[in-house]
């Protein structure tokens, strides 16, 4: 039995060696994954001695950028925490815009600046506008008297034929021509009015005829101080009222206690006498 076992083992080993030789001749280099967790690979080389070569796992390329949604939450919080500075800068920018005078603000249109100046400096703008408008209309009327014809200019601009025909066939004469020129020069008139208003306001403020408006920041600060004072006064009043009520209730309770003490003492005396 022992001899049979040894023969069988030798035959099996010879078959295995033949199979391995054939496999090495068919493919000289083969790779088998050994561990899935580590990602290593084993390479078998057909040499006289069997050599097992471990290849390192592929490292991730550092040049590849991680998308924004794969970033950790801490980096996102840091990016969000940088937003208050932007908010504060926006708030300061808005306060600066609010503090600018419409006469000096060149970021808005001419008509809007004219309306804002009318709301803020209406008492100065109206006389200046009347004076400049009378000057404009007078100069245009004088030009119409001297024979200035506006119709070719209106046709060149491209105004509707209805307006051009009214000026051609009108009996108004110089007045209508002057009015047409007056309306055409509206942007120039508004610009001159704003310039005159600015100079007038500076002159009146310089000599004390017009008070300089406070800044928006100072105005809000004054209002906050006023509301704070009113709030403290109301709190003191309510505190005094509550303290007075507490004193009244304390006096009443002390009176009731004294009455009950007197009654108890009187009853004790009665019981002792009896």
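Backbone N, Cα and C atoms are what each Cβ position is placed from, and that goes for glycine too.
Cross-referencing 51-91, 92-132 with Swiss-Prot places the feature region 'Disordered' at 51-91.
In the domain 'DUF1279' (105-217), the DSSP tally of helix, strand and coil residues is 84 helix, 0 strand, 29 coil.
The domain 'DUF1279' (105-217) scores a mean pLDDT of 81 in the predicted structure.
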